[in-house]
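For reference, TrEMBL has these:
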DOMAIN    7-118  domain 'Dihydrodipicolinate reductase N-terminal'
BINDING   Gly13, Ala14, Ala15, Gly16, Arg17, Met18, Gly82, Thr83, Thr84, Ala115, Pro116, Asn117, Phe118  NAD(+) binding site
DOMAIN    122-256  domain 'Dihydrodipicolinate reductase C-terminal'
ACT_SITE  His145  active site, proton donor/acceptor
ACT_SITE  Lys149  active site, proton donor
Amino acid sequence: MSTSSVVRVAVIGAAGRMGAQTCAAVEEAEDLELVARLDAGDDVGAGVRDSGAHVAVDFTVPAVTEHNVHAVLDAGAHAVVGTTGWDDGSRGRVVEHLERVNAERGDEGLGVLIAPNFGLSAVLAMTFAAKAARYFESAEVVELHHPNKVDAPSGTARHTAAAIAAARADAGLGPSPDATQDGWEARGADVDGVRVHAVRLRGLVAHEEILFGNAGEQLTIRQDSFDRASFMPGVLLAVREVGSRPGLTVGLENVLDLS
Ligand SMILES: NC(=O)C1=CN([C@@H]2O[C@H](COP(=O)(O)OP(=O)(O)OC[C@H]3O[C@@H](n4cnc5c(N)ncnc54)[C@H](O)[C@@H]3O)[C@@H](O)[C@H]2O)C=CC1
Ligand SMILES: O=C(O)C1=N[C@H](C(=O)O)C[C@H](O)C1
């Protein structure tokens, strides 16, 4: 993918909330060309290949996103993925696929960039949380979303909790203090030992609060995406960057040099 020429972009999940917004953002960008709008029922591999897309952006559903990424790679394109639901197993299979295709492609290696959140405020909140985590005895995450969201906790909250857990482990911290004996169902999901609470409320879009506590003090880091427009600069940055990052990149913080 040449950096000087127009980047041809296919959007998968084009009829959805994020897909539609992404199509509009790509159409408005002078250095990008929208060449395919794909959605449920379309053959993703054929759609990407036949359109000559350099990059395919996936905003679909957790159940199909991995399948779509393999189809995109088989079609010879890079992938930018915002869909949630990824775990070590699915990411590992994509790494294996990339190693296989890139061994044959040499210098022109394909890239896959998976970002649980493309919003700058969310990426910064996660980064700040990872930095703060080592200094606090207690840490919990609260994510708040629109009621049409199908997965819980959010991919962002999982990514945040995992980063907090890793920082706590590096610092030699044990579990957050918690005397709960009954009613564990009210204490949220356990993500790598960090409690994560999910709120679904009409009127919300996407929001996250990370709470840290020590004796006598609290740090709250909060970010709010009031509109899906907030994700678009990050999505377009990923589309422009993925071609120069062969292999798998997880998290926009790596592209922003925040990691
Ligand atoms: N990384 C980020 O910054 C963000 C990520 N998301 C995530 O993106 C995903 C999509 O979110 P929304 O757009 O709100 O959902 P949505 O439900 O509005 O859209 C999903 C679209 O995928 C389509 N689809 C389903 N199966 C398909 C298949 N096999 N092939 C092609 N298309 C298929 C649906 O028909 C629908 O149009 C979710 O996982 C969400 O959590 C959402 C917002 C920001
Ligand atoms: O479904 C959404 O809306 C969002 N999904 C992503 C997630 O699960 O973290 C990103 C953002 O929170 C919006």
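A Cβ is built for glycine as well, from the same backbone N, Cα and C atoms used for every other residue.
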Checked against DSSP, the composition of the domain 'Dihydrodipicolinate reductase N-terminal' (7-118) is 54 helix, 25 strand, 33 coil
Could you round the CA separation between Gly13 (NAD(+) binding site) and His145 (active site, proton donor/acceptor) to a whole angstrom and send it over? 20
Just to confirm: which same-chain residues, 6+ apart in sequence, have a Cβ under 8 Å from the Cβ of Ala15 (NAD(+) binding site)? Arg37, Asp39, Ala40
In angstrom units, rounded to an integer, how far apart are the Cα atoms of Lys149 (active site, proton donor) and Arg17 (NAD(+) binding site)? 11
Taking just the CA atoms, what is the gap between Phe118 (NAD(+) binding site) and His145 (active site, proton donor/acceptor) in Å? 15
Mind looking up the mean pLDDT for the domain 'Dihydrodipicolinate reductase C-terminal' (122-256) in the predicted model? 97
Rounded distance in angstrom between the Cα atoms of Thr84 (NAD(+) binding site) and His145 (active site, proton donor/acceptor): 14
Could you put numbers on the helix, strand and coil content of the domain 'Dihydrodipicolinate reductase C-terminal' (122-256), residue by residue per DSSP? 54 helix, 40 strand, 41 coil
In whole Å, note down how far the CA of the residue listed as 'active site, proton donor/acceptor' lies from the CA of Pro116 (NAD(+) binding site). 14
Which recorded positions from the set Ala15, Arg17, Thr84, His145 have a C-beta atom lying less than 6 Å away from ligand 1? Ala15, Arg17, Thr84
Just checking: which of the binding-site residues Gly13, Ala15, Pro116 have a C-beta under 6 Å from ligand 2? Pro116
In sequence order, which residues at least six apart in the same chain have a CB under 8 Å from the CB of His145 (active site, proton donor/acceptor)? Ser154, Ala198, Val199, Arg200, Leu201, Leu204, Val205, Ala206, His207
Longest CA-CA distance among Gly13, Ala14, Ala15, Gly16, Arg17, Met18, Gly82, Thr83, Thr84, Ala115, Pro116, Asn117, Phe118, per record bound to NAD(+), angstrom: 20
